[in-house]
Amino acid sequence: MMQALTMRSWLATLVTALLAVAIWPDPGQSLPQGAPETVCDTMLPFHSGGSVLPQNSVSPFSVETSSSTLGQGQTLRVDLTGVPAGLSFGGYMIQARNRNPPHQIIGQFGPARDGTIKLMNCENSVNNSATHSNAGPKQQVILEWQSPVDFLGQVVFNATIAQSYNEFWVGVPSQPVQIVRRDLSAAPPLPTQSPSAPAGTTRAPYVPPSYVAPNNVVAVSSDPIYNGCGQSKNCFGFPDGCVATKSCTSITVVTVRGDVFEFEIQSGKGTNAAYVAVGLSDDAKMGDDLTTECVPENGRVNLYSSLTSASPYSAVRSNVNQNSARLLDASIVDGVIYCRVQRDAVTNVQGRTFDLRNGKYHLLVASGSSLKENSVGYHDIGRLPSAQPINLAEVQDLSGSSRLLIQLHGAFMIAAWIGTTSLGIIFARYFKQTWVGSQSCGTDQWFAWHRLLMVTTWSLTVAAYVLIWVELKQAVWHAHSIIGLITVILCFIQPIGALFRPGPNDKKRPYFNWGHWLGGNLAHILGIVTIFFSVKLPKAELPEWMDWILVSFVVVHVLVHLIFSIGGMASERHLSQRANTFQMGDMSHHQQHAMRNGMSMERKMDAPYAGMRKGLLGVYGVVLILFVTVLILLVVLAPIEQFLGKS
């Protein structure tokens, strides 16, 4: 009898052990029936009795919502996916929580038709959380979530996602979703209210701090992004000085807490920005800058890191570690882009090290209205670098870098080589037989004007050359600078050569005339070519269509030369016909003497068609002033797109 009992006991133990092994979860799988309601508060899996801890690395999974704004009582699509797409996971748990205290669970999830979603009742409410109904591998989960009818404010979806039994991430957040009145979806969000359903005590370790993006009916002065500027955080935006007036077209805010570097970036209202970005630069010039871009795509704001290139302008994302920055918060409300980003203290990009703890950097704020494939477009809305490099941890008032010297350099060179040089050459070539007998400062009119215009060219060129050296503080070699240097050298040679001009009857005078003509025209041509090359310089920020204005000027200038040349030939023919009217051999001595006296008198008179030359000179002068004015305005107001966009 005792032996039979012992045998039954042994069999019972064996069966129990076998059953235990059969139902014991596979270490490579999540819990087959989903998360229990005992973890509603923590969302922390109790795998292997709690001995398996959540991963502390960046989650390879994301929580995406179909919209960043939702009306009360409306339905929202929520997607759980891997990054990159196709990465599978086994289990999950998700719930939406109020961004503001008390961080209670908000809304309800809808059941799946195929039964793949298990709904949970947390905090004495129904279906306000969801988990998996089976632990099989899945690449995407699509859920439907309905907002309460009595809640206004922002919610964040938090998820726990398990790739395997031993690998899971807790607190994977979505971007904030703004719950607004259903009948007034564009109205400003009211102070956050709790829904009527009772709320238990909850924790919120993974819910980002509160930030409500501004909208077009909230006063600019109430925008919280400006709070603490210059006191607890660095703020910089454009146009220059906009932080003080709280009216920035784009702004970045830098907050440093130990080794934590947070950047807030926001576009302005009514700018129609396609992106907003901030760069870290050693020299305040475009090129080799670490850039953080916030780009709205498919109803959500995405974060990208890139390295800029100066010529041609580009912001390249390849070979830049996209995990060097993490998106903590983002929204787009009424066209205003906002994101809050945490960057690593040290980032290595293509052999360059950006050390935010020890380095000093210029802040470059930029925004534009267009995107390229895998890149942002040109910053036509605006761009501004800070005047001085700063240690990001040192809070201070920042001002924009001045472009005055660059603008003066460009304006002086345009006035010199498009304006005064063009007119000076016209006087020297076509007006030696005009205003004959009239003098200024003891010299013929044509020479007085030619000398005045060329001295002005020399003065403007020297001043512009000095200004750009003061700005750059170093030699920069590219087509614009090399051809420009040759032009400056020729500009110096011309007046020096003029000091050694041979006399009118000197046998060397023709050689001087040809050399002076060649040097002057070569300098003029190279000066205009140099201006063409300036259009492509990123620091100039000139529009590409400025090339067509320059081409138009060249066409007009060549056409004027052609008309003057034809007029000159007609004048010479007229004089020749008058001289050949009588044959000298048929004249008496008295007649020949009278003829010579008549020709001598003609030399003291203007050549034929002087009125035409004067009239054409007046028209050309007016057109030249218009060209110079337009080109200087493009330089001084660069980038001109920001003004054209406001008109």
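Indices start at 1 and increase along the chain as displayed.
Just so you know, glycine gets a Cβ as well, placed from its N, Cα and C.
Computed from a predicted structure; not experimentally measured.
The following features are taken from Swiss-Prot:
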TRANSMEM  10-30  transmembrane segment
DOMAIN    25-195  domain 'Reelin'
DOMAIN    372-570  domain 'Cytochrome b561'
TRANSMEM  408-428  transmembrane segment
BINDING   His409, His480  heme b 1 binding site
TRANSMEM  452-472  transmembrane segment
TRANSMEM  480-500  transmembrane segment
TRANSMEM  515-535  transmembrane segment
TRANSMEM  548-568  transmembrane segment
TRANSMEM  616-636  transmembrane segment
Same-chain residues at least 6 beyond the ends of the transmembrane segment (515-535) whose Cβ lies under 8 Å from its Cβ atoms: 410, 413-414, 416-418, 421-422, 425, 428, 478-480, 483-484, 486-487, 490-491, 493-494, 497-498, 501, 542-544, 546-547, 550, 553-554, 631
Contact call for the transmembrane segment (548-568) and the transmembrane segment (408-428): at least 3 Cβ pairs under 8 Å, seq gap 6+: yes
Structural state of His480 (heme b 1 binding site), classified by DSSP into three states: helix
